[in-house]
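If you check Swiss-Prot, you get these features:
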ACT_SITE  148  active site
ACT_SITE  172  active site
ACT_SITE  243  active site
ACT_SITE  246  active site
ACT_SITE  269  active site
ACT_SITE  278  active site, O-(3'-phospho-DNA)-tyrosine intermediate
DOMAIN    1-83  domain 'Core-binding (CB)'
DOMAIN    104-291  domain 'Tyr recombinase'
């Protein structure tokens, strides 16, 4: 579908959308075009009733509210672009409204659970296995910095300042920021760079910081698997992936007294409202502790 390839280029070059967002949008639009074909319609016959029918089909199949909201965002971006290109006479999605997604409190680790997970990863790396050294760095760096897993996998060696314990991150919308990390993450980084990465590096590795078993840049899906498997080692810890470590890092920073705007900068949130979600997590955890510990709770 050449038109989707052109739209993908538009999203990447003119809108600065991340690869993750573009992949999700294109998947939604392929679904829409398949729906159109099933009705015997062409793209220039796309209308508001057709869009509503497509969304209703997804809702009937059990699509989550957040999925429907993303589908609407995808189609609104696409139809506005297609109208601008002259491929649509009017924008049929202009009147579609994105439903407000429910904001749920994310699952987070207790601080003692986070320490147990880091200890388990360190223990696994003590034999010097290259993949175990890498896996320790993955969980340490995600928890230490709160960066996204896509940002972690996109790091090059030169993005890490080992002397000052800083990492330069290219985030959403191609916005660059710097995140500090502590001594444990620095120790994991040193072990990986000295003993792990050299054992896996190939001509295909390039400048990538993290590598897969075949020497290529580590894939996001592989990193997710590593986190899930490492967290599962700790009894009682909630099942979570990289985003759970990001949630936990933010919550623990706030519990430790960090300023909300500092946390916003560290996480790369464009809106303070997004960061404020973590204050609700911290307060709810405070309430649990208070209820359990205070004699007059």
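Heads up, the Cβ atoms here are built off N, Cα and C, so glycines get one too.
Feature annotations (Swiss-Prot) mapped to structure.
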residue	record	Cβ neighbours (10 Å)
148	active site	21
172	active site	16
243	active site	15
246	active site	24
269	active site	19
Could you tell me the mean pLDDT the prediction assigns to the domain 'Tyr recombinase' (104-291)?
87
Between the Cα atoms of residue 246 (active site) and residue 269 (active site), what distance do you get, rounded to the nearest Å?
12
Per DSSP, what is the helix/strand/coil residue tally across the domain 'Core-binding (CB)' (1-83)?
67 helix, 0 strand, 16 coil
Rounded Cα-Cα span from residue 269 (active site) to residue 148 (active site), Å:
11
Going by DSSP, give the three-state secondary structure for residue 148 (active site).
coil
Rounded to an integer, what is the Cα-Cα distance in Å between residue 172 (active site) and residue 269 (active site)?
9
